[in-house]
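J.: Sharing a structure here in structure tokens format.
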Amino acid sequence: MTDVLPSGSEVFSEKKKKKNKDGVTLGAFQKIGDFKIEPSESVTKLDTAYWPLLLKNFDRLNVRTNHYTPLPFGSSPLKRSITEYVKSGFINVDKPSNPSSHEVVSWIKRILKVEKTGHSGTLDPKVTGCLIVCIDRATRLVKSQQNAGKEYVAIFNLHSAVENIQKVTQGLEKLRGALFQRPPLISAVKRQLRVRTVYDSKLLDYDQERNIGIFWVSCEAGSYIRTMCVHLGLMLGVGGQMIELRRVRSGIQGEKEGMVTMHDILDAQWAYENHKDETYLRRVIKPLEGLLIAHKRIFIKDSAINAVCYGAKVLLPGILRYEDGIELDQEIVIVTAKGEAVALAIALMTTSTMACCDHGVAAKLKRVIMERDTYPRKWGLGPKASQKKMLIQQGKLDKFGKPNENTPSEWLNSYVDYKVKNETENGDDKAEDAGRKRTASTANADDPNNSVEVKSEKKKKKKKRDTEAEETEPVTAETEVKEETAEPEADDSVRKEKKKKKKKDKHQEKEEE
């Protein structure tokens, strides 16, 4: 008995019925869930295993505090408006053969009508596979993606037969670890010897009749698989070359993680422009937070976000939660309570140190991702800062916040300026100098007119020294002046003599002619 297959129209109608039953498009579905951290003092009971992007497994993080004031600014990465969503996203493109990486990136820029695009590392024109294209704000992550590890599948050809397949596998095993590589003859970079690391490799298949094989390799960014195939042939003593290459993974994005073609991007943009359907575009483009899933996370309060965007260090009082296993000088990601990536940072504290301390710098910034003033400014609003602003307005401090003649003595005694660095000095003399400086500063604090008197005394001392020096060494000064005047006179006489000689020589030459 032969089964009758349903026609294409019937299958399409069944799919349509299923879609109508759900009645929810992808754009609407992304906006259904309210994914954000609510402020609380009680221990939260959440199952965040299925929360998206950087909020995944949020309940398993170490809690520093749950109490903070949420601000109605920013939005969850999946809930951004379509214009913001596109400008802060990336595409995992299946690069076609023949066009270069730069051509593909420029085509995507033209299709999506955006200002900036960048890619995660060039692929040769004939190479296909995973090419991560970052759009607008996501281009700030391009550098970190270019340095991420890569995986390839290559087809190679040996020039003559090999005794066993085991020899090929052994040759591949030897080509692991740090390798010397020189770029191929036809390459866009300088042909310079360099060291690249191969982490792992595996022979997938080998045809002994045609001497053609396929292998998979995981390697450092900037490795040349073509050179690796040549080295494999040399090690086997038969010679070899690469026939075809495909990139299977770039960083944490592989060909199974929502890879799209150039046609998909064109269709998605066409559907949005003509039918205002965001679904296809949201499926093709992913939020930039998807590139940072593998990083360790630190969640900060809403009031600290804009300060970090302006370049402030991440301090412990501003931290809500932090992940296990953070090590010194490790690259981490700073995240908001809504799951937005604020910046890439370098950890200055381990997880255990953060748990023990109540103050200090937890991380310094490497690359700010979020735009400034997405969240409002919340620094300079404390009691001392507001008092300082009042004094500046009243004219009791200058425009830089430094004391002047009208500054009250209470402010001078109570306010400590942390911007002034106190340098520790060794030795008795240095300690005495420091003590003198302290006494002078306290005197200035009590009476601001003392500073003017101190300056006038210093000037008088300088004048005395100058007069004493002039009286003690008048003779030497006179002799120096005489010598200086004599030297130019001697120079003039020498020049005149030389000119006379030249004239005589010229006359003699003319007479001889």
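Residue positions begin at 1 at the first shown residue.
Placement of Cβ uses the backbone N, Cα and C atoms for every residue, glycine included.
TrEMBL lists these features:
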COMPBIAS  423-436  compositional bias 'Basic and acidic residues'
COMPBIAS  440-450  compositional bias 'Polar residues'
COMPBIAS  496-505  compositional bias 'Basic residues'
DOMAIN    296-370  domain 'PUA'
REGION    394-413  region 'Disordered'
REGION    423-513  region 'Disordered'
J.: Are there residues at least 6 beyond the ends of the compositional bias 'Basic residues' (496-505) whose Cβ is under 8 Å from a Cβ of it, and what are they?
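T.: Distant Cβ neighbours of the compositional bias 'Basic residues' (496-505): there are none.
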J.: Kindly report the helix/strand/coil residue split of the compositional bias 'Basic residues' (496-505) according to DSSP, in that order.
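T.: Helix, strand, coil within the compositional bias 'Basic residues' (496-505): 10 helix, 0 strand, 0 coil.
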J.: Limited to the domain 'PUA' (296-370), I'd like the whole-number average of pLDDT.
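T.: Here the predicted model's pLDDT, averaged over the domain 'PUA' (296-370), is 91.
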